[in-house]
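> Sharing the feature lines straight out of Swiss-Prot:
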MOD_RES   Ala2  N-acetylalanine
REGION    2-19  region 'Required for interaction with PRKCI'
BINDING   Gly16, Val17, Gly18, Lys19, Ser20, Cys21, Thr38, Gly64, Asn119, Lys120, Asp122, Ala150, Lys151  GTP binding site
BINDING   Ser20, Thr38, Asp61  Mg(2+) binding site
MOTIF     63-72  motif 'Switch 2'
REGION    190-212  region 'Disordered'
COMPBIAS  200-212  compositional bias 'Gly residues'
LIPID     Cys211  S-geranylgeranyl cysteine
LIPID     Cys212  S-geranylgeranyl cysteine
Amino acid sequence: MAYAYLFKYIIIGDTGVGKSCLLLQFTDKRFQPVHDLTMGVEFGARMITIDGKQIKLQIWDTAGQESFRSITRSYYRGAAGALLVYDITRRDTFNHLTTWLEDARQHSNSNMVIMLIGNKSDLESRREVKKEEGEAFAREHGLIFMETSAKTASNVEEAFINTAKEIYEKIQEGVFDINNEANGIKIGPQHAATNASHGGNQGGQQAGGGCC
């Protein structure tokens, strides 16, 4: 399917926070309770619609283990968006956010949009990190914030789409150089065939998709 833009994402965070499950829920709309550890990097893709334009999201799911950190770093450079994930039932994953964020900002382009995600919101009885703590961390570091559940699909769609909306807004504002693919944005065939509009940011519903 033709698209106006392709946005590259990277999903980062500690092992076991649900990165692969979030990707699977977004691309395939299913939950896999037992998931093998990601070894290196896995990949998924889906089409969405923003402001009447088809946007292809190309999403790289990275391993959380320290031994794979150098591989993860190489994917920061070509990403327009990052989903930084922690597990609300494991405080250590929240405590490690600063390290992940420093790594991301050191190795990515300065305009990369970062969405902070507190995953496993369905496990409220086991919560160790308050929602207010996530909100405060996001405010302090200039991030977008949502709590999600890869199991129930709560806010999963919104997390990926809202990140794309932020990227799209930056394109409209001229913040991103869309002719430089190192920024994680590629102009698609649909954009070339039509005049780019500079209207408001509307929509964001799925237009179909699948896992690649």
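Just so you know, glycine gets a Cβ as well, placed from its N, Cα and C.
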> Judged by the number of other CB atoms within 10 angstroms, which among Asp61, Asp122 is the least packed of the binding-site residues?
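Counting other Cβ atoms within 10 Å of each of the binding-site residues Asp61, Asp122, the minimum falls on Asp122.
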> If H, G and I count as helix, E and B as strand, and all else as coil, what does DSSP give for Asn119 (GTP binding site)?
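DSSP assigns Asn119 (GTP binding site) to strand.
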> Note the mean pLDDT of the motif 'Switch 2' (63-72), expressed as a whole number.
54
> For Asn119 (GTP binding site) and Ala2 (N-acetylalanine), what Cα-Cα distance in Å is obtained after rounding to a whole number?
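A Cα-Cα distance of 32 Å.
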> Cα distance, Ala2 (N-acetylalanine) to Lys151 (GTP binding site), nearest Å?
31
> So of Ser20, Asn119, which of the binding-site residues has the fewest other Cβ atoms within 10 Å around its own Cβ?
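Relative to the other binding-site residues in Ser20, Asn119, Ser20 has the fewest Cβ atoms within 10 Å.
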